[in-house]
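What TrEMBL lists as signal peptide is 1-24. What TrEMBL records for 110-133, 145-167, 173-197, 227-249, 335-352, 359-386, 398-419, 453-471, 483-506 is transmembrane segment.
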Amino acid sequence: MEKWSLMTLTVLLALTVRWAVSLGSYSGAGKPPMYGDYEAQRHWQEITYNLPIRQWYFNTSDNNLQYWGLDYPPLTAYHSFVCAYIAKLINPDWVALHTSRGYESQPHKLFMRTTVFVADLLVYIPAVILYCFSLKETSAKKKASTCALCILLYPGLILIDHGHFQYPLSLGLALWAVLCLSHDWDLLGSVAFCLALNYKQMELYHSLPFFCYLLGKCFKKGLKGKGLVLLAKLAGTVLVSFAACWLPFGTDVEQIMQVLRRLFPIDRGLFEACMFSSPTHCPDKVANIWCSLSVLIKIKNVISPRTQLKLSFAVTFLSLLPACIKLTVQPSLRGFKFALVSCALSFFLFSFQVHEKSILLVSVPVCLIINEIPFMATWFLLVSTFSLLPLLLKDELLLPYAVTTPAFLAVCLASFSILEKTSAEDLQLKAFSLSLKGYVSWFKSFPRIVKSLFLLSLSLMGVLSVLGAAVPPPQRLPDLFPLAVAVVSCLHFLLFLVYFNVVILWDSKNRGQKKIS
């Protein structure tokens, strides 16, 4: 009973923070003609409710794809339709075809914010709670609620979902998939991940770890016996799940091709993460390698879009290959969770058409291992929130950012005593340190060095946050602060990528893992 009381208090606190953030501004508020992501979600409700399914992804007189045209998979469209049906019952003006464009009012804002709350309560938050209760390392009553509190107070997701405006459904469904796999419910986990992927195509960031982990389990069981049966069941589950999601579009090949063209618009180029960016928001200020390199080399002026695509694919594939091979050969739940982080980070740093918000696809898996490496996980989550600063400033979310970020750090310090967990063993680097023994003399000073770097990193992020918010940039360099945030964040992420891959590759014990048989 006590553990549920603590968890209830945790959820209430998390909901209170979300409610407070939702009282502020949202993406594109009062900024015609394109407004922002809030209007995009409202517009999709308008389109899906008023037009037949066959027109949802096509450019017509009633559906101008240049104005927030649907560019997410079918489940997003179905979700928009359900929200639109409820909106129509409350106020038909909210989803009226054409005339509702740019609609803004307090009652409508309350409705839209409520839909995000409901998605959080039904999908994301329950997955977090059950995941924390399932952790062997957090079997004590207090520890499960502490772990859940840190995850649910992660500021990046709160500021984007309840501030900027976004639904947490794809990440929530992916969490349910991880939870199912942790209980060996592989088929249910496959269904959950297929649903996540069919809600947002960016879940491809997590697809290879899911594939390699399940394939590795099949290999371990033997492809001439139980493994082959499991492989057949998994393949059938995936096919049926996709068929169910795409059924309304499956009768026409042109429909399917048009949806795919909307989901993967490769002709936009390497940097065009968002075709509909407002003049004040340049999609090039993303904390990945291509945008950081573009400060020195204007890649899009030197390399053709097709070559950019090939280069991006090659670098992304090579960067995630080691973790995927290790996971396939030695499948373990712990290795799977670390591979989710490593592969998603590789996609964010090196892949094609990355948006700032895509860092959340890395951050949520990092939340899942915060109990194992609290110091590095907290550090990463702080950097990921900092990388969103230019977007948050544009959305007038400086105050929520300034409150939630230090509060999250304080909770992690109190919950995990992170500054005391900087030894090689605490950082899961003991095997790596032993392999370097005798070659690297400074490894004995490693905890002190790591702690100093952490404090330096916090100071740098704090200074840039203050400068970006309070100091006007030079006229000759109007994008100075957003670029500085992107480059500094990118350098952090590159170091984190190396770290996570070292942990994965030097981990031979797979501690606490059940034997796959």
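A Cβ is built for glycine as well, from the same backbone N, Cα and C atoms used for every other residue.
Contacts between the transmembrane segment (110-133) and the transmembrane segment (453-471): absent, as fewer than 3 C-beta pairs lie under 8 angstroms at sequence separation of six or more.
At the 8 Å Cβ threshold, with sequence separation of at least 6, the transmembrane segment (145-167) lacks contact with the transmembrane segment (227-249), having fewer than 3 such pairs. Under 8 Å from some Cβ of the transmembrane segment (398-419) lie the Cβ atoms of residues 17, 20-21, 24, 146-147, 149-150, 153-155, 158-159, 163, 370-371, 374-375, 378, 381-382, 385-386, 389, 392, 451, 454, 458, 465, 469, all in the same chain and six or more residues away from its ends. In terms of C-beta pairs under 8 Å, the stretch of 227-249, 335-352, 359-386, 483-506 lying closest in packing to the transmembrane segment (173-197) is 227-249.
Three or more CB pairs closer than 8 A are found between the transmembrane segment (335-352) and the transmembrane segment (483-506), so contact between the two stretches is assigned (pairs 6 or more residues apart).
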